[in-house]
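Peer 1: Before we start, here is the structure in question, set down as structure tokens.
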């Protein structure tokens, strides 16, 4: 009996990851069987865990917090997206034995906004809250969709200025934000502890979409705040999660899943 193609998500912690359920739905669309598991790597043992996985028949891997920068360093080759982001969330073992790293976070975000929510990015004014790896990973793909303006704001302004210089966008101190944004994307981790970004509630007044890159309960504090202060539509990052997974699946298998039914399936769990 031929062994099933093996894939996994690496993280620490990783027990909460919904990636196995998502990829199971993709296999139903493609009509195949694969093996997809969770691997909790030791904080100082990521490289060894990945090496063991691929040496024992692994075909591809997703990488989540806190290993995306390590995955970048581990990859022998990188996509343009990964190079721009400085982080890798997708690894594939090539036929020549080398590991190629990609970053599909930006694709996941943009596809959720433009294809699922039918909100155009082109010509819009976008505010990014936060300046960590999650935000850095999505800026290159947002820029490809030609917004009129991207503004970044972070609690530590120097970090926002650093990303602004790197990507040719604007940095504005959080306290100085005063509205005029079509799309506001929260990439801070404050929601995990129920904290809000220190922004003027007025910035949501003309906002078409307020989006939190995390999903589930952790997004609700920000989304409730945005909605109660005038945001026309709010969304957590479940669609981004499914979208980035679909892009990874395509890299591994050459099959492009339809993310809409999978998003609805995951919402119902």
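Quick reminder: no glycine exception, Cβ is built from N, Cα and C everywhere.
From Swiss-Prot, for reference:
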{"type": "BINDING", "residues": "17, 18, 19, 64, 89, 105, 215", "note": "shikimate binding site"}
{"type": "ACT_SITE", "residues": "68", "note": "active site, proton acceptor"}
{"type": "BINDING", "residues": "80, 130, 131, 132, 133, 134, 154, 155, 156, 157, 158, 159, 213, 237", "note": "NADP(+) binding site"}
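Quick one: how deep are these features, and who are their neighbours?
Peer 2: The Cβ of residue 64 (shikimate binding site) lies under 8 Å from the Cβ of 9, 10, 11, 14, 17, 89, each of these being in the same chain and 6 or more residues away along the sequence.
In the shown protein chains, 25 other C-beta atoms lie within 10 A of the C-beta of residue 68 (active site, proton acceptor). Under the DSSP three-state reduction, residue 68 (active site, proton acceptor) is assigned to helix.
When secondary structure is read from DSSP and collapsed to three states, residue 133 (NADP(+) binding site) falls in the helix class. Within the same chain, the residues at least 6 positions away from residue 133 (NADP(+) binding site) whose Cβ sits under 8 Å from its Cβ are 68, 69, 85, 86, 87, listed in sequence order.
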Peer 1: Would you list, in sequence order, the residues of this chain other than 17, 18, 19, 64, 89, 105, 215 that have their CB within 8 A of the centroid of the site's CB atoms, where the site is the one recorded for shikimate?
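Peer 2: Neighbours found: 9, 11, 62, 241, 244, 245.
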Peer 1: What residue among the binding-site residues 131, 158, 213 has the most other CB atoms lying within 10 A of its CB?
Peer 2: 213
Peer 1: Work out how many Å separate residue 131 (NADP(+) binding site) and residue 18 (shikimate binding site) at their Cα atoms, rounded off.
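Peer 2: Checking the Cα atoms of residue 131 (NADP(+) binding site) and residue 18 (shikimate binding site) gives a distance of 25 Å.
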